[in-house]
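Structure, as structure tokens:
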Amino acid sequence: MWFLRETIFGELVEYFSGGTRQVDVEKLGVCTDNSNVELSSCPDSSFDDEKTNQVNSEGLIIVTWDGEDDPENPKNWPLWAKLVVTFDVCFLTFAVYMGSAIFTPGIQEIRETMHVGTVPVILGLTLFVEGYAVGPLIFSPLSEVPQIGRQKIYVLSLIVFICLQIPTALGSSLGVLLPMRFLAGVFGSPALSTGGASLADIWQPWLYPYFMCFWSLGAVGGPVLGPLLGAAMVVAKSWRWQFWLLMMISALVLVIITFFMPETSEWHLLYKRAKRLRELTGNPNYKTEAEIASSQLSKGQFAKQILVRPIILCVSEPIVLSLTIYIGLVYSILYLWFEAFPILFTTVYHFTTIENGLVYMGILVGSVLTVAFYFIYLRKVMIPKFVENKGKFPAEEILIISFPAAFFIPISLFWFGWTGRESVHWIVPIVGTLFYASGSFLLFQSMFQYLAAAYPKYVASVFAGNALFRSSMAAASPLYARAMFNNTGPSYAPVGWGSTILGVISCIMIPIPFLIYKWGLKLRSRSKYAT
């Protein structure tokens, strides 16, 4: 079965069995009897330059898809195969993202076991999220290398991620726990930095936004369900079982993606086709465009592309800088709430550890409701516009949905902060979190799609830089969250003024999508990176 053949399992079977993938040479019009003979001299060849491969000025034979309907092109895979890959990416993202928040219910028990203060223990959350920031700088560019692809990055990094949970669970000091948490964040990051690219590999542009929503739900579900599952482990066993559970869930994901996740990278699939043709014909001139481009990069240029370009884009491009700061603030609020929720619901409402884990479900409910609305918006507004204009319309129109979403964030913060008091039922502040879920979901969807449309040639660097700054902002937030809420009060609404500070900052950010909508085209016209 072709699907299993393209998975890691299939490649391992092929490698250890000594098998070689066969190529339909007649279909590609390849001359196999003499590696030095020009293709045009093969009398029985059915080669068609315009349909398949072309010879460039250097005599290299550029390997491409066999027409628009080539069955090996991931965009032409059957629907069931695309749905399986989508599920794999979403489940992988869910499992890895859960690794951050699953830690929080055990903070108190870890503090008592290791005889340290609260802030040093919170570093276990901070360093994990900081790993999200560093990892994409390494793994995102590597996944674009045609010789590597995405599949191997997912599997190998997840194996390391799973192994890191063992010393984390067995560790008896922060000297062991903290480095392991940071490394786990680094090796868990490919799902977050490359998952969207995997979906873009298989879905047509007018369908891609729908399935990005499911991936986003996986990214939301992980940190939302993490505290609940972590709390269950702390109550039933101990804090160490948070990491054993994370290891078991991740191991299940590893089994699934090993057997049921084929490679989706167009560059890597074409590279393998070119490699098979080289082996079959003995002609070294079969190359892909991506293979040629990557071979022209020196190690220094590749390192610059990995480490320097993402930072340059985030700092020098006003569009990228402003949206990165905005997204970073919205992302930080989630991790601030990992401290605010226990303060409010334990101090005011006297919730148990398990009940504290349940309060995050409001965010998940809000996200699911927003997805339903967003699907209608896509179907009625964006997709018809995309089809009517053949994909060519001002990228700034993608930001329209972010206009109301920008107001939802401060509404949520003021609501949550000042309804969290003993005289108000506990469900009321949880309802307030629904506005955050809705606002953050719509902001993330619109802003990431806009960045991809505005910087198509450098989208990997833009997203890597965004992940670096966004995750760094979020990583720092738990360190000052408890002090901010405890020191501002007041006693009858313990997260009131802290939430107000965040709400005011969110209000200051509201004009950003409006300004980019108005001036974005002019800013892009002055940029050497944007289109």
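Cβ atoms here come from the backbone N, Cα and C positions, even for glycine.
As written in Swiss-Prot, here are the features:
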| type | residues | note |
| --- | --- | --- |
| CARBOHYD | N486 | N-linked glycosylation site |
| TRANSMEM | 83-103 | transmembrane segment |
| TRANSMEM | 119-139 | transmembrane segment |
| TRANSMEM | 158-178 | transmembrane segment |
| TRANSMEM | 182-202 | transmembrane segment |
| TRANSMEM | 214-234 | transmembrane segment |
| TRANSMEM | 241-261 | transmembrane segment |
| TRANSMEM | 325-345 | transmembrane segment |
| TRANSMEM | 358-378 | transmembrane segment |
| TRANSMEM | 398-418 | transmembrane segment |
| TRANSMEM | 424-444 | transmembrane segment |
| TRANSMEM | 496-516 | transmembrane segment |
Subject >> In the chain carrying N486 (N-linked glycosylation site), residues 6 or more apart in sequence that have Cβ under 8 angstroms from it >> reply: I343, P494
Subject >> Other parts of the chain folded back onto the transmembrane segment (119-139), taken as Cβ under 8 Å at six or more residues beyond its ends >> reply: 99-101, 103-104, 107, 110-111, 153, 157, 174, 177-179, 181-190, 192-194, 306-307, 310, 335, 338-339, 463-464, 467-472, 474-476, 478-479, 482
Subject >> Long-range environment of the transmembrane segment (158-178) - Cβ separation under 8 angstroms, sequence gap at least 6 >> reply: 92, 96, 99, 110, 113-114, 116, 120-121, 123-124, 127, 184, 187-188, 191, 240-244, 246-247, 250-251, 253-254, 257
Original post:
Under a Cβ pair cut-off of under 8 Å, which of the recorded stretches 182-202, 214-234, 325-345, 358-378 contacts the transmembrane segment (241-261) most often?
Top reply: 214-234
**OP:** Might you confirm whether the transmembrane segment (214-234) is in contact with the transmembrane segment (358-378), defined here as three or more C-beta pairs under 8 A between residues 6 or more apart in sequence?
**Re:** yes
**OP:** Mind checking which residues of the chain, 6+ beyond the ends of the transmembrane segment (325-345), have their Cβ under 8 Å from one of its Cβ atoms?
**Re:** 100-101, 104, 122, 125, 129, 223, 227, 351, 355-356, 359-360, 363, 409, 413, 416, 420, 426, 429, 433, 436, 439-440, 443-444, 447, 466, 469-478, 481-482, 485-486, 494-495, 498-499, 502, 505-506, 509, 512-513
Original post:
Per the definition of 3+ C-beta pairs under 8 A with sequence separation of 6 or more, do the transmembrane segment (83-103) and the transmembrane segment (214-234) touch?
Top reply: yes
Subject >> For the transmembrane segment (182-202), sequence-distant contacts whose Cβ falls under 8 Å of one of its Cβ atoms, 6 or more beyond its ends >> reply: 74-75, 77, 82, 85-86, 89-90, 92-93, 95-97, 99-100, 127-132, 134-136, 138-140, 143, 150, 153-154, 157-158, 160-161, 164-165, 168, 208, 211-212, 215, 219, 264-266, 448, 460, 463-464, 467
Original post:
Where does the residue listed as 'N-linked glycosylation site' sit by DSSP, helix, strand or coil?
Top reply: helix
**OP:** Mind checking which residues of the chain, 6+ beyond the ends of the transmembrane segment (214-234), have their Cβ under 8 Å from one of its Cβ atoms?
**Re:** 86, 89-91, 93-106, 109, 192, 195-196, 199, 241-242, 244-245, 334, 338, 341, 353-354, 356-358, 360-361, 363-364, 367-368, 371, 437, 441, 444-445
Original post:
Residues sitting near the transmembrane segment (398-418): Cβ under 8 Å, six or more positions beyond its termini, same chain?
Top reply: 330, 333, 340, 374, 377, 382, 428-429, 431-436, 438-443, 445-447, 449-450, 453, 493, 495-500, 502-504, 506-507, 509-510, 512-514, 516-517, 520
